[in-house]
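Quick look at what TrEMBL annotates:
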- 8-13, D33, R38, 86-90, 127-128, E161, 272-275, R342: NAD(+) binding site (BINDING)
- C272: active site, nucleophile (ACT_SITE)
- 328-452: domain 'UDP-glucose/GDP-mannose dehydrogenase C-terminal' (DOMAIN)
Amino acid sequence: MVKICCIGAGYVGGPTMAVIALKCPKIEVAVVDISVPRIKAWNSDQLPIYEPGLDEVVKQCRGKNLFFSTEVEKHVSEADIVFVSVNTPTKTRGLGAGKAADLTYWESAARMIADVSKSDKIVVEKSTVPVKTAEAIEKILTHNSKGINFQILSNPEFLAEGTAIKDLFKPDRVLIGGRETPEGLKAVKALKDVYAHWVPEENILTTNLWSAELSKLAANAFLAQRISSVNAMSALCEATGADVSQVSYAVGTDSRIGPKFLNASVGFGGSCFQKDILNLVYICECNGLPEVAEYWKQVIKINDYQKTRFVNRVVASMFNTVANKKVAILGFAFKKDTGDTRETPAIDVCKGLLGDKARLSIYDPQVTEDQIQRDLTMNKFDWDHPLHLQPMSPTTVKQVSVVWDAYEATKDAHAVCILTEWDEFKTLDFQKIYDNMQKPAFIFDGRNIINMDKLREIGFIMYSIGKPLDAWLKDMPAVA
């Protein structure tokens, strides 16, 4: 029986291994992590992450051929294939601070694999890592190998949160990069055979190691670039009276461009886009390509500009001050159908409003109060370290209350900011919300999900990203 072990029970490791276990009943899959609470959660009815469809998959396999354990060394030593899916945060100090990936957790995982291995192993990079990481890991393993053979493969994940299970069941492609040596090709085939249980062969791509590593960074950079492109257009649309939805629809009907990732919004978030682009920038700089680095930096600059622009619009519209005014925040996750708040634009928007002394009332159907308070007190990049190594939030933010109901959040508020495109926000009773708000009542739709004309009829002053501006907003320009 083939045994697979995955180090890291997070957003990537958990769902990926659960689907492998479901689709390959003859393979034993163990997911290991040093975090006791996280493994406890994976073994309970309340999984540590929210992902549509994940519950059913885990419940079908857990205890049969899918196991969650803190016995890291035992399962690694028994495995034939070891996936490494640990955190690769952005460095906050030292060489490459603010851009380079911190490979501390990766390196300690590699050293541990070398220490406990008694048989040959295939080691698979699953975390997003900078190009040439495989080479570094290979060196650590071979210098500590005690005569055991290790083959390193790169198998980047291309999951989108909120649709991860669907993406795993029917991936656009599975990418496997390995050494182009007889042993390397044999290792690639072994991993290919696992995926071939359910993925058509033409969807399994094989490349060399570096191409696989770089493809992941490139894919995320291209997706983020599309969002920044349409967000840059949204600013121009507001200035000229064009409607960004109409513009992006017209652009997206061109078959060369296509309609995906062309929704203007308050900005992109998630654990990968910004991190991967910063990583790409750093790699370009290290390889003497400053022009290329500068090009990709702009994608992040536009994203930051979009969040700042949104905050400025809110403050300027409300007589240039939100001090002591209650502002309702609907949605805190970085997108709908996930409880993930990593790099969510809501953090910067909330911090911007708090900087102007607003009182915030936040509602998100999947994000806990504890998580929101942590996010608002944490330093940049701290979120990407394992939970027990994150600084404890010394204080809660006094001007923030977290509630479990949209009507409670909006009661007596001067303004509502929609920051996540949860479906339930589209069907709220806005007449009821309007009646219970202070007047003039403002709605700032950061996701373009609600019908502006209907809300204007009720009496709201409306702002939607990239849409023609209300007369009110034209009279109160948001100048940074």
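Each Cβ is built from the backbone N, Cα and C atoms, and glycine gets one as well.
Just so you know, TrEMBL annotations never went through curation; they're auto-generated.
Keep in mind the model is a prediction, meaning the values are calculated, not measured.
Long-range C-beta contacts of Q274 (NAD(+) binding site), restricted to its own chain and to partners at least six residues apart, with a cutoff below 8 Å, comprise A224, F268, I300, N303, E343. For the pair formed by N87 (NAD(+) binding site) and C272 (active site, nucleophile), distance between Cα atoms is given as 11 Å, rounded to the nearest Å. The Cβ of C272 (active site, nucleophile) lies under 8 Å from the Cβ of T128, N220, each of these being in the same chain and 6 or more residues away along the sequence. Listed in sequence order, the residues of the same chain lying 6 or more apart from E161 (NAD(+) binding site) and placing their CB within less than 8 Å of its CB are Y11, E51, G270, F334, K335, D337, T338, D340. Helix first, then strand, then coil: DSSP counts for the domain 'UDP-glucose/GDP-mannose dehydrogenase C-terminal' (328-452) stand at 43 helix, 19 strand, 63 coil.
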